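Pulled from TrEMBL:
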- 82-101: transmembrane segment (TRANSMEM)
- 113-133: transmembrane segment (TRANSMEM)
- 139-155: transmembrane segment (TRANSMEM)
- 162-187: transmembrane segment (TRANSMEM)
- 193-214: transmembrane segment (TRANSMEM)
- 248-271: transmembrane segment (TRANSMEM)
- 306-329: transmembrane segment (TRANSMEM)
- 335-354: transmembrane segment (TRANSMEM)
Amino acid sequence: MKHFRLSFLIIGSALALFFFSSLRHFLIRSSGWDLAIFDQAVYLISEGKTPISSILGFHILGDHAAPIFYPIALLYKIYADVHWLFLLQSIALSIGAIPVYHLSLKSGLNNKLAKTLAILYLLYPLIFNINLFDFHPDVIALPAILFAILAAYQAKMIWFTVAILIILACKAVFSLTVTAMGIWLLLFKKKRAYGIIAITFGSAWFILSTQIIIPTFRGYEHSAVSRYGYLGDSILEIAKNLFLKPNLVFSHLFTLANLEYLVLLFSPVVWGLSFRYLSPLVAASPALLLNLLTDYPLQKDLLHQYSLPILPFLFLAVIESLAAGKGWLKQPRWMIVWGMIAFIALAKFGFFWTKYLTEIDTWKATREAINIVETKGNVLTNNQIAPQLSQREVIQLVGEKPAEINLDQFDYILLNLRYPGLISSQATVEILNDRIAKSNDFELMFDRTDVKLWTQN
């Protein structure tokens, strides 16, 4: 019965997350960057075609060296629908509660406390928020990290290795987390074999993915390197300057933005942390440092995927602290109250009656125009419309340089002039629309509430 109740909570969480991500997509508030990119890649793989992202301009492996998209494409073999990604994401985010529960029991906590921590994991604001930000393979790595730790604790080497491979398949940068986890297991948990496996696999994948796979499929190093441009122009140069230029590093670490980020990150579980039991954060240090060292603001919030690899070790630190009798709160009921307050304060459920309804006046017209696009022809459209039409070989987004767009390559051009989306302005879309109107190559098929669908003659 106890396991059934936990299972019920996990299933309920997965269904709720799936509902909210699907509702956001239904409201046409998903983003071309990143959902259209990943949906197109998975679709092309399922069709046996080379997954060249027409938005990125290169093979999907050149993005984050994430081969996980290939097994995901098996779902599209059954039926090609972006909701598979939402379902997979909601399940991945929710099942992390299972290893949290078992890690708690393994550490000596009673069943009530173990279940409480599993619930608090589901209430952690990042779980809800990242589910609203399209789809990212990072979410699959989250439970995989937790299951890898559990496998190491239970001395199940095969399952540990499988979990490590899944983590690495999700994103190149997770190789740093796996390597750091290996160091933690080796030095702090005395799990020598498991630590060596993680260090070996993590280090090897870091070199292979960053120096061979991404440059080969992309043509150059990952663009995220520019977020640390003050440290160098390449991954190796950045790594070198981390040690050679400490003053520069410290000046970027000790900032108000970083203080705010740390408060956001730790506040949902700060009651359960103790300085003597923070060793699990050694494994989280690569992701944490990457977020602290960058000037890129999206890496310093609880809305995006960048903090996901920190979360397993944050909860592990809480588990170890509680197992040692530490922590501010002792009663599960007050832990739940704290978790609920943190969720209400930091989870962005309010977006559904604020941010996601700002374009509702053009929703019906946009939906009608989308339904007219029946073929697999090439499409140019706004950022928020792209995920509705991304299962084709060519889908591109309207940017800020309409004069540079080669219109001849598109069979459909669908524009929302009233709401141009995140990566373009209203002026840009209007200039593009005027250019199309003056062309003899396109016919206006649909025009309602500033939503226009042009088709090539």
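Cβ atoms are placed via backbone N, Cα and C, with glycine included.
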The transmembrane segment (335-354) versus listed stretches 113-133, 139-155, 248-271, 306-329: most Cβ pairs under 8 Å:
113-133
Same-chain residues near the transmembrane segment (193-214), Cβ under 8 Å, at least 6 residues beyond its ends:
61-65, 148, 152, 157, 160-161, 164-165, 168, 172, 175-187, 221-222, 235
Which listed range (113-133, 248-271, 306-329) shows the maximal number of Cβ pairs under 8 Å with respect to the transmembrane segment (139-155)?
306-329
